[in-house]
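J.: Below are the features listed in Swiss-Prot for this protein:
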DISULFID  Cys5-Cys19  disulfide bond
DISULFID  Cys9-Cys21  disulfide bond
DISULFID  Cys14-Cys26  disulfide bond
Amino acid sequence: GLPICGETCFTGKCYTPGCTCSYPICKKN
């Protein structure tokens, strides 16, 4: 599957549903 939580979260927020910020990268919740 494709990584859906790979965005960076320097602002402390993830914009992908079901993801949480594991600074500095969003990870699956």
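Including glycine, each Cβ sits where the backbone N, Cα and C put it.
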J.: Roughly how many Å separate the Cα of Cys21 (disulfide bond) from that of Cys14 (disulfide bond), to the nearest whole number?
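T.: Between the Cα atoms of Cys21 (disulfide bond) and Cys14 (disulfide bond), the distance comes to 6 Å.
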J.: Measuring Cα to Cα, how many angstrom lie between Cys26 (disulfide bond) and Cys5 (disulfide bond)?
T.: 5
J.: Counting only other Cβ atoms and using a 10 Å cut-off, which of the disulfide-bonded residues Cys5, Cys26 scores lowest?
T.: Cys5
J.: Distance between Cys19 (disulfide bond) and Cys9 (disulfide bond) at the Cα atoms, whole Å?
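T.: That separation, Cα to Cα, works out to 10 Å.
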J.: Three states by DSSP: which one describes Cys5 (disulfide bond)?
T.: coil
J.: For the C-alpha pair, I'd like the distance in angstrom between Cys5 (disulfide bond) and Cys14 (disulfide bond), rounded off.
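T.: Given the Cα positions, Cys5 (disulfide bond) is 8 Å from Cys14 (disulfide bond).
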J.: Based on DSSP, name the secondary structure state of Cys26 (disulfide bond): helix, strand or coil.
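T.: In the DSSP reduction, Cys26 (disulfide bond) maps to strand.
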